[in-house]
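The structure under discussion appears below in the form of structure tokens.
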There are 2 protein chains.
Amino acid sequence: MSQSLNILDVSLRDGSHSVRHSFTVEQVRAAAKGLNAAGVRYFEVTHGDGLGGSSLQYGLSKVDELKLIEAAVEEATFSEVSVLLIPGIGTKQDLQAAASIGAKMVRVATHVTEADVAAQHIGLGRELGLKTVGFLMMAHMTPVEKIVEQAKLFESYGAEVVYVTDSAGALLPHEVTARVAALKDTLQCDIGFHAHNNLSMALANTIAAIEAGANYIDGSLRALGAGAGNTQTEVMVAVLEKLGYQTGIDLYKLMDVANEVIAPLMQQPQEISGSSLVLGYAGVYSSFLLHAQKAAQQFGVDERDILMELGQRKTVGGQEDLIYEVAQQLVKA
Amino acid sequence: MSQSLNILDVSLRDGSHSVRHSFTVEQVRAAAKGLNAAGVRYFEVTHGDGLGGSSLQYGLSKVDELKLIEAAVEEATFSEVSVLLIPGIGTKQDLQAAASIGAKMVRVATHVTEADVAAQHIGLGRELGLKTVGFLMMAHMTPVEKIVEQAKLFESYGAEVVYVTDSAGALLPHEVTARVAALKDTLQCDIGFHAHNNLSMALANTIAAIEAGANYIDGSLRALGAGAGNTQTEVMVAVLEKLGYQTGIDLYKLMDVANEVIAPLMQQPQEISGSSLVLGYAGVYSSFLLHAQKAAQQFGVDERDILMELGQRKTVGGQEDLIYEVAQQLVKA
């Protein structure tokens, strides 16, 4: 079994969605201190939508993310702090600013078919001496060949790790295995996997990814994250230990930060609710949910039928007009 | 793929633990009506600890379970109502009473090594014309050969289905596969599987069980159940559909009862909290938790070390004195 699993905790980035971008310096400091003490190699601190995400469109951050990153870096004597960058939301200047205050890793995230927009950002990450990662979001939406092609692009730009990112929590283990194994066969760089739990398969998918060769693995304490949340880091570490993997993490210390720092700041439980299940089942962007609900009311159809149809059509962000068109067509049908 | 999966919903029985046995006739009627409309073949209505469980020791029921069973039976025009019976807690008279008001299935539950206490109860179930099931609890605690031996006993008494019951949520998929496959190889009767989600593997384990030949599968709406809850029925049905299984269940109607009936009555979210994770990781009875916490405080040791040691020793219910002994030994060590 692999002795070199790199666990990356995203509580302070994907979790930002779940707390509506309300993290304070004190909260980040306490979580960072705990993750560092537990021996977590990497953790990520950024607005949920990455550097520069604080906006009316994506949700305003209570505290400037650079202040949060700075606090995290101060606590991270062992761990290294990662930042997420989505080209089009964050800029190269944002990345330079994060690196200048001590971020050590950047994950450049694009839609699974759009790696080509990230060439310059990957290049800059390498120039700045950061560990530089490509992050292919909504990885369920394309066949295996397409994700291999896009991952190769990331590698050609200089990415040291490429992630299969199941943003909608829509993948099942055999689909994860197919994607990760294909990347492992084709790429020289390391492979990562990021899960969401909308179909209750986040940890099972994560284990499938590790068995297929992924060695960068995301988790979130108490599953704090968008939708139904992520793979729950402390549960993952417990299960990986039972399976004989060495994570280098002190499980009790990790449980302590989950229960004493993260649990008290949660604004709602990370359950699989009606909405998160439908999003995972349909395989659509979580930002479509409110539109689908409005359209359902306006046209008197079931929001689930709208979301399923959007999933069938592989609708992507920016195509929100389609939601109303689909609702209208459902009425006629 | 199997075309004959029997889904059994335990929201109104295992869920009784989660709501501290406070189900009302109105709640049971609404849930039963929804489960029936969705086409769920079986659902279970009993105190969390089975017939006769209402007591100071196991928790007093707000409403007499026979009244709840009666209400469920009235709504179940398609579904059949199951009751749980743990010999030593419930009696043969309790079972006769449940059958006389329309229960159609009994699941006789014992510790995984104690099927022999259930011979008469299985026999009575058959006499009463009920679908009669053996339910081997804490199935992680014994090697495969032992569970095969105990399942054979159940079958010899007349059980038509024998369940592998992961009461502590401690099993991993390969362990589920080993157990179910061994029973499938050895027994003529049908095989069932009941999961808990303490290690976030309930649904993955359930899929492993189905792939190994189980065709009776438990779930709970919104995961309502003891510990971290059960396999979430509506999520399971969505995922089984994606995998190509026919469940005969109307997914949207099932989601509706989950979200409109069960979600509003929940007293706490079914998250994997600190306690439920430790119980699954250690593989011990949930009733040990409070004792372990008391002993930890009394002796100044970590409750997790106590629980892990109890798991190592394969401690079973009734051995609560050992908890304090273990705490004392941890101080000396």
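Backbone N, Cα and C define each Cβ position, glycine as well.
TrEMBL annotations:
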- B:His17: active site, proton acceptor (ACT_SITE)
- B:Arg13, B:Asp14, B:Ser167, B:His194, B:Tyr285: substrate binding site (BINDING)
- B:Asp14, B:His194, B:His196: Mn(2+) binding site (BINDING)
- B:5-255: domain 'Pyruvate carboxyltransferase' (DOMAIN)
- B:Arg13: site 'Transition state stabilizer' (SITE)
Residue, out of the recorded positions B:His17, B:His196, whose Cβ gathers the largest set of other Cβ atoms within 10 Å: B:His196
Where the residue listed as 'active site, proton acceptor' falls in three-state DSSP terms: helix
Among B:Arg13, B:Asp14, B:Ser167, B:His194, B:Tyr285, the record's substrate binders - longest CA distance, Å: 18
B:Arg13, B:His17, B:Ser167, B:Tyr285 filtered to the recorded positions whose C-alpha is within 10 Å of B:His196 (Mn(2+) binding site): B:Ser167
Coarse DSSP state, helix versus strand versus coil, of B:Ser167 (substrate binding site): coil
Cα-to-Cα gap, B:His194 (substrate binding site) vs the residue listed as 'active site, proton acceptor', nearest whole Å: 16
Non-site residues, in chain order, whose CB comes within 8 A of the mean position of the CB atoms of B:Asp14, B:His194, B:His196 at Mn(2+): B:Val10, B:Thr165, B:Asp166, B:Ser167, B:Gly169, B:Ala195, B:Asp218, B:Ser220, B:Gly225, B:Ala226, B:Gly229, B:Asn230, B:Thr231
Among B:Arg13, B:Tyr285 [binding-site residues], residue with fewest other Cβ within 10 Å: B:Tyr285
Alpha-carbon spacing, B:Ser167 (substrate binding site) to the residue listed as 'active site, proton acceptor', which is rounded to whole Å: 13
Neighbour count (Cβ, 10 Å) for B:Ser167 (substrate binding site): 27
B:His194 (substrate binding site) CB neighbourhood, other CB atoms within 10 A: 31
Mean of pLDDT values spanning the domain 'Pyruvate carboxyltransferase' (B:5-255): 97
Chain-internal residues, separated by at least six, CB under 8 A from B:Asp14 (substrate binding site): B:Glu44, B:Gly48, B:Asp218, B:Ser220, B:Leu224, B:Gly225, B:Ala226, B:Gly229, B:Asn230
Assigned element (helix, strand, coil) containing B:Tyr285 (substrate binding site), judged by DSSP: coil
